[in-house]
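Working notes, beginning with the structure itself.
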Amino acid sequence: MKLSLGPLLYYWPKQTTEDFYQQAMSSDADIIYLGETVCSKRRELKARDWINLAKELNHQGKEIVLSSMALLEAPSEIKVLKQLCENGEMSVEANDIGGIQLLSEKKVPFVCGPAINCYNAHTLKLFVNKGMHRWVMPVELSRDWLQKALTDAEKMGIRGQFEVEVFAHGHLPLAYSARCFTARSENKAKDDCELCCIKYPQGRATSTQEGQQVFVLNGIQTQSGYCYNLLNDIESMRGLVDVARVSPSSIDSLTTLQQFKQRILGAEQYVKHNNLQCNGYWHQIAGLSLQG
Amino acid sequence: MELLCPAGSLPALKTAIDCGADAVYVGLKDDTNARHFAGLNFNDKKLAKGAQYIRDHNKHLHVAINTFAHPGEEKRWFNAVDKCVDLGANAAIIADIATLDYAANKYPDLELHLSVQASATNTAAIDFYQQNFNVKRVVLPRVLSLHQVKQLARNTSIDLEVFAFGSLCIMAEGRCYLSSYFTGESPNTVGACSPAKYVRWQETEKGLESRLNDILIDRYQADEKAGYPTLCKGKFTVDSIDNEEKILYHALEEPTSLNTLSILPELFMANVKSVKIEGRQRSPAYVEQITKVWRAAIDNYKQSPADYKVEADWNAVLANVSEGSQTTLGAYHRDWQ
């Protein structure tokens, strides 16, 4: 099983971002995803900067993939997507069907990202024919669901044509909206947001009136309030999952990668999760639940 | 412009037709549609009757097959498509790629509409569905501004259907897993958001509490009107970075309904093919009131576009059946964003 460092979902200053990735190059990640997937207004690194950073890091022993936006509305956002598709050397993670359309037209191999609704092997087959080489399962699906889809893929004779990646650590991206919830939390209009999400490098924790942390607001994206953690579920991923994804939240994510690496290599130490962690989706129960 | 109305039952379907709907959309009595609620939707017998009623009145029937096929159980979704064809329905509204592929290959003459749950918000995504499955119409997610709807209308050859009225989904439809995060069940997987079986109401000293799978969604004082605990419409607090007092508010969205009567002329000018009313889960009485108002509005506009204005009594009727008794233009108006 390989490890990936997912795309940065938060908005960090340029220098912080670049420093983070320089350090990530000596981490346990086999694959690094680079790019803005949440909001096209975040331009500390513009598309060109992401591509340049990706090129700089490419061919240094890690697979580099460019990630693209999940919610594409404006023609300008499609233009940026085209720019990523035309990078000439790296694979692209599509997070919208529009991305798959452009990548398959240009015959660029792609990763089907977690924000694309791919729920069964028939869909996988169609995507494989379009150039998909890796599928990141939608975050709400379980081990059981994955197993069934892969059994079907095996029967269709396509199982060998793509890798399976599972979101394994971090706050889960759960929803995308026209509205910016971070701007709303500061009583700002989206058009006049002053890019205030840069003040919240891990998003804004949101709780019920009883203090239960239910969401993390991250611009137009709503994340799980608890941190998803499949560290204790590695054994049940073997044979099904080719890549486990760690979603970056801070420099500590590189330590998380190390923990996953040890686990994959056979360390059997059970890690006690705190009450702000969850793994329910993998066990086919409410996402915020914690089992085991 | 087509007026497309919801029907969760045979009486609602007949009411919609009687009150002036051009077309009605329905779902089967299983998890192949995104309003899979107890006591709602059509078994084979009722559906045959409904289809006949619609044919007798020369109107159109659309069948929503808009959840995602479970692996190993695709047959249920494919059977729903077969049923739709056997009935002589005018269109199937589909979200799942496996189901679209099946329908396009097996029934090249069946008109396919891309469900809002497929979340196509841009020309490249629309091209994908048009080129691969010959989709004729796309139902646009309620995240686009009016400007963006107009841009799409100019840049694609596909027919556009937009939501005109009803409960407002603030997330890009089909790409929201908040419901399964709380309950294990989502619109994509089981065809329901914030399912009723997880809802609990409790009178407490602090007020009337609504919970979803035990998680507190809202708490109402005696003078407040309580609403269904759809989780994105609850009241929450947001952590502050500078130790300010936390404010309790609708962090995502107030309970409110979408109402586009005021932009109807612009929807006409953008060449929008169909305006859709949300609410298959609502009563025949709701369907009656909404259908009458929208019929009158569309007819008024067609009769004399320059004189079109929203009548006060239309809005009064709509407010009466709206969530939280309020309406909004939603994402169509940039201020909302």
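Cβ from N, Cα, C; glycine included.
A:Cys193 ([4Fe-4S] cluster binding site) falls outside any helix or strand according to DSSP and counts as coil. Per TrEMBL, [4Fe-4S] cluster binding site is recorded for A:Cys39, A:Cys180, A:Cys193, A:Cys197.
Residue density at A:Cys197 ([4Fe-4S] cluster binding site): 28 other Cβ atoms are found within 10 A of its Cβ, drawing on all protein chains shown. Counting every protein chain shown, the number of other Cβ atoms lying within 10 Å of the Cβ of A:Cys193 ([4Fe-4S] cluster binding site) is 18. Less than 8 angstroms from the CB of A:Cys39 ([4Fe-4S] cluster binding site) sit A:Tyr11, A:Cys180, A:Cys197, A:Gly219, A:Ile220, A:Gln221, each of them six or more residues away in the same chain. Same-chain neighbours of the [4Fe-4S] cluster site beyond A:Cys39, A:Cys180, A:Cys193, A:Cys197, judged by a C-beta within 8 angstroms of the site's C-beta center, are, in sequence order, A:Tyr11, A:Lys41, A:Arg42, A:Thr182, A:Ala183, A:Lys190, A:Leu195, A:Cys196, A:Gly219, A:Ile220. Note: A:Cys180, taken in sequence order from the binding-site residues A:Cys180, A:Cys193, A:Cys197, have a C-beta within a distance under 8 Å of a chain B C-beta. When other Cβ atoms within 10 Å of the Cβ of A:Cys180 ([4Fe-4S] cluster binding site) are tallied across all protein chains shown, the result is 25.
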